[in-house]
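Q: Straight out of TrEMBL:
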DOMAIN    A:19-393  domain 'ABC-2 type transporter transmembrane'
TRANSMEM  A:21-42  transmembrane segment
TRANSMEM  A:189-214  transmembrane segment
TRANSMEM  A:235-261  transmembrane segment
TRANSMEM  A:281-308  transmembrane segment
TRANSMEM  A:320-339  transmembrane segment
TRANSMEM  A:345-363  transmembrane segment
TRANSMEM  A:375-393  transmembrane segment
Amino acid sequence: MRDFWTIFKQSFLTKAKTKSFVITTLIVVAGIFLMANIATIITKIQDAGVFGGGPEKDTIYVVEENGQLLDPLQQQLNASESGITLKATTKTVDELEQQITDEKIASFLVLELDETETIQATYTSENANAFEQPMKVREALQTVQTNIKANSLELSADEVVQLFSPIQFEQDAVSASSKSEEELSQARGLVYVLIFVIYFAVFYYSNMIATEVATEKSSRVMEIIISSVSPVKHMFAKIAGVGTLGLLQIALFGVAGFIALKTSSSDLTTGVFSFFGFSNVSISTMIFAVLFFLLGYFLYATLAALLGSLVSRTEDVQQLLLPMTFLIIIASFIAFSGLGNPEASYVQIASYFPFFTPLVMFLRVGMLDLPIWEPILGIGILLVSIFILGWFGSRVYRGGVLMYGASQSLKDIKKAMDLGRK
Amino acid sequence: MTLQIEQVTKKFGDFSAVKDLSMTVKQGSMYGFLGANGAGKTTTFRMILGLLDPTEGTITWNGQPISYANSTHIGYLPEERGLYPKMKVEDQLVYLGQLRGMKKNDAKISAHNWLERFEVPHYANKKVEELSKGNQQKIQVIASVIHKPSLIILDEPFSGLDPVNVEMLKKAIMDIQKDGATIVFSSHRMDHVEELCEQLCIMHHGEAIVRGSLREVKRGFGRQNVRLKADFDLSFLSQIEGVDSFKPSIEGGVFQISEERTAHELLRTALTKGEIRYFAIEEPSLQDIFIEKVGKEHA
């Protein structure tokens, strides 16, 4: 057991002390803080006028012959807190277009009330990408139009309200496991982020394992190590060491993210954060995320160690890892596509296939109210697979680390096992 | 504390890497392994270390099979140099020492003593990749003996070292042996084996074609050279029974004989003819034996 801890500590510390690891971690932490405060930073920069001011975006110039629509529209825009100011102008359309091109004004509006008392409006801005402002103007104009029509029909204000009273529409689902649409979209953001984290972490750290093993083999230090301790012990101590490092790194990012969000001025309930459902982090989802990361990591890291033990040169690692890479990419495809429809039958089936379980079962657990036996069954299958792969991997590993030569195909697994049988 | 190899055969599929190998290495002795590349030396070493199991036969150390339970008593220097290139020398030695069951502090002290002994204490904080090949080899040797093993297996310990360092290493190996360790080593350099080993074996295609003490091996080679110098023609002596061949030279000639008594017969007969200025029975060198036994098949 002491050997185990010696190897564990060695693989943990040497990796943790590498420059690349420290720098990557710092960059990501810095990135998290930057992301959390990006809105504030951009506002600050705009306030400072770094972008040279430009035309006043919230002012719309209005061309109208008799000026009867300007005031009601402005009232309506104020009422909806749009922050848009209208300014009447007597300039011609051509002149205004030239001013937009010269970046003196941002947009203008041509208003006209035709004989049927219908509003004809044309909104002009530099390009057609403007989306929010014309929509607000259009909504305000629609209300103005409604009032004009109501007036001409001699309807009272109450009658207008009745006419436009909204219906009550709610979506309900029969399936016991499904969450309400509101819950679903709240869960989606968090699950999306966590699936990505699990996917990335499992991929990154199992790659690290394979490279480590191949490096030790190519530098031939492996031969000394396995003459001191059993290859199986060496393999699992290494996997555990790097896994702990991974967990620590992710925890570090988590804490950094938490502090960044708490200290940033951004409100978690609005904007991008509400989309990710961060205002409503479910504890069970987080626990499942850690659990599935660990299980997924152990499964893939064992496979990676097995494959890494077959190559003699570090350059060949990626090639041999290709099948594993495909597996995890397919799993992520299923998981990401399942975000939109977590109850699809292919998602359900895939969640029990051990190589997909860490991502796909996590998706289902996060998105749906699954009966508890489903994730437990998935975890059970995963555990059994880890043990089988661990047993199989240690056989291959034992022989693989002794094999040198141009070995770089999966056929070598059999050769390694023959050698590993001793 | 004897290393006992009994009728060991190792097969990889249909290929036999080692065939019916038996040998005994007594405690405190030094055993030399000779053989061309691919002769089965490394496979034998791996079996001794317990990395591979023999297909047939048994290997025991001190009466017990070698496993990870007693790996702390064994030191190993692999043929290909194996160290972490990016790790500092001291950290590396301490780590490898710990894996051989040492306490961290003991490993540190031992590492420093050894670095001192090999006159490289200033490398303790250097990365292995920064050292020259010869110095890396010294570190490699330290890694194999740092934990005071009682059985040391050295696969080509002298390769890549300059003559000064070879002498330093030879002396260190002999000191370790004097402390009671049993040492098995392989080399391509016959002179090293002749100088260091009481016992040796020559492997060829997985078989020990020659084995025993240096004396036995030389005797067992079955041929000796008799060098005679005289002022008269010696060619008539080649008629004597037991003389395999005769090579005349300016001063006399060399007779190759199979049995020692032929040498005495040669001397007696020659003396009847006249005065003999020089008479010597020369042992074949290990080099001769190796080339004779192994080289012929190569040619």
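From the backbone N, Cα and C atoms, a Cβ is placed for every residue, glycine too.
Where the annotation comes from TrEMBL, it is an automatic prediction and has not been curated.
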Q: Taking 3+ C-beta pairs under 8 angstroms (sequence gap of 6 or more) as contact, is the transmembrane segment (A:281-308) in contact with the transmembrane segment (A:21-42)?
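A: The answer is no, given that the two segments have fewer than 3 Cβ pairs within the 8 Å cut-off.
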Q: Would you call the transmembrane segment (A:320-339) and the transmembrane segment (A:235-261) in contact, using three or more Cβ pairs under 8 Å, pairs 6 or more apart in sequence?
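A: No; fewer than 3 Cβ pairs under 8 Å.
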Q: Do any residues of this chain, six or more beyond the ends of the transmembrane segment (A:235-261), have a C-beta under 8 angstroms from a C-beta of it, and if so which?
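A: For the transmembrane segment (A:235-261), the far contacts come to 3-12, 15-16, 21, 25, 28-29, 32-33, 35-37, 197, 201, 204-205, 208-209, 212-213, 268, 273, 278, 290, 293-294, 297-298, 301-302, 305, 309, 390, 393-394, 397.
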Q: For the transmembrane segment (A:375-393), give me same-chain residues lying six or more residues beyond its boundaries with a C-beta closer than 8 angstroms to one of its C-beta atoms, as numbers and ranges.
A: 235-236, 288, 291, 295-296, 298-299, 302-303, 305-306, 351-352, 354-355, 357-358, 361, 364-365
